[in-house]
Structures are given as structure tokens and as C-alpha cells.
Amino acid sequence: MKDTLIQYGVAVDPREMVEPPDPDELEVDPKTPGIDDPAYMSRRRWIFALTRKHRLEGLGPPVFEYMPEEARLWADVSAQLAPLHDAHACALYRKAKHELAITSAEVPQMRHLSDRLRAATQTHLIPAEGSLAYRTFYRYIAARGFPVTQFLRHPSHPEFTPEPDMIHDCLGHVPPFMDRDYAELITLLGKAAAAATDGGHVLMLKRFSWFSIEFGLVEEAGDVKVFGAGILSSTGEIPNSLFSRAVTRRPFVTDVVVNTDYDPTYMQTQLFVAPSLKFLRAEAEALVKKLAIKVT
Ligand SMILES: [Fe+2]
């Protein structure tokens, strides 16, 4: 147990450890497809309890035996996204997805992906039962861990989930962690957000993350490519982000980005294009310095 705790070691708030996981604690958005499907909700509760226990006890992501309908859903969605990734994802994402052998043939195991990330960039994945309080979330990131869900959306709506699920996390967030600059960028944002005491500064860091990590575009050899996880994990957002006339695409200027609001509940209408990942990393460092947030 101790080795595991050190391996996946993140300081968890002791207040979060007082109660044993209760499968009935799961609360889902009322718009969740499948909310009236008892078998689906029972599976969600089971995954909720298991991943919560693994998170609170520092055990790393559990290895899952995925059910046939989950494997089918994964195969369908990931096969639809694959040609979009080949055509429109940034180079570091395509390289990492290949290195991690993420394909539609099999649902990837977060446990194994976490081991690969640890070897490549000393980062790792934290099992998350769902969305976490933002300070908890950023504290994990500050310690080079990234919280990921392991449940899948309901098969009746393969294109939609009101909250991040395994498909969003695995196809959006996980691959870029194979890149050193990306790992350092997100770790810095996590450290700064975890350390910030001014609510205005936290909001600026959240906006910086939203318009880069979650919904960023990046220039590559004169083309605009997709970088953000929210775009990369959505068959609708990839073409929307690059080709829709309803979307404005502006150069990533940090002072503008950190003062721009976003609405996570709709298709995005304003996006920013960064010249490179190294640029984003340097901009994040400059922002943290400007806000005088002490990070170690
Ligand atoms: Fe996300």
C-alpha cells in the first residue's frame, strides 16, 4: 500500500478520506442520456464507487473489464474520430496517440496509459469518479497527476455527454501528456491555480487553460491544427472549430485570453490560435510571474 501511495502519491485532503465510498452518492446532470436506464445507472454507480475508492486510497486507475456495449461504443466513437484526428489534430497529438497505441480495436486501460506517461514525462493519471472540486483537481495536476474518468456515456447518444467521460479524457486529454512541453505547461497551470489566493487570478488561469488545454488551436506549417481536448474528443467540435463561420479564430494573446469569458455548455464560438506549444508554455510562465503567484 505504501509503495502504491508513493507511486501515485498526491496529498489528498484528509476531509475527503473520512467516508468510505458510497455507491449511492453518484449524482448526474438531469440531462444525462441513460438516466432512465437502470442497467446503465447501476454500472455508473459501480464505476463511481470503485474509482472514488482508488482515488482516495491513492491506488491509481483500476483495470476494467469493459462490457460488450461499452467496447462497441468506444469502437464506434473512436473510429469516427480517427480520420478527423489524422487530418486535423496537431502533430504532437497524432504522434502520442500512435505511441500509446490508442485504437478503436480495444478500450484502452487508463492504468496502462498512466504507466506509459510516467515513463515518458513523469506524469500519471488519477482515477476520478466524476468532476472534482477545482482546488482538488488542480492539486492533483500540480503533483503531475491528471484526474480521468473511466465511465462511458450512454450508447443512445454517442456524440454527447454533459460531463467529461472516459472517451473525452482518453481521446482528448491523455495523449498530449507524452510531450515534455505539454506536461510542464499543464503542471505549471496546476501549481499556479492550486496556489492562487485571489479569485480573479484563478479565473484568469482557468481561462488560459480553457482556451489552450481544453479548446486551443495551434499553428503548424502555415495550417491551423487542433490542440484542445474538448475539440479532439468531439466529432462536431473538430470541423466546427476549424471551418464554421460562426466561430472567430484570433491569435492567442494572453491579455485578451485571460479576459475572455467562455460557456462550456454550448459549441464554442470564439477560439484562439497559438503559434506553438513552446509559446504557450512561455506565456503561462510570464502570466504566473505577472500575477506574483508563488509556485515551487
Ligand atoms: Fe476536458
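Glycine is treated like the rest: Cβ placed from N, Cα and C.
Annotated domain 'Biopterin-dependent aromatic amino acid hydroxylase family profile' per TrEMBL: 1-296, in sequence order.
Over all protein chains present, the Cβ of His168 (Fe cation binding site) has 20 other Cβ atoms lying within 10 Å. Annotation source TrEMBL lists Fe cation binding site at His168, His173, Glu214.
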Cβ neighbours within the same chain of Glu214 (Fe cation binding site) - under 8 Å, at least six residues apart: Gly228, Ala229, Gly230
Other residues, Cβ within 8 Å of His168, His173, Glu214 Cβ centroid (Fe cation site): Pro164, Asp169, Gly172, Ile213, Gly228, Ala229, Gly230, Leu232, Ser233
Set of same-chain residues at least 6 away whose C-beta sits under 8 angstroms from His173 (Fe cation binding site): Phe146, Val148, Ile213, Ala229
Secondary structure of Glu214 (Fe cation binding site) (DSSP, helix/strand/coil): helix
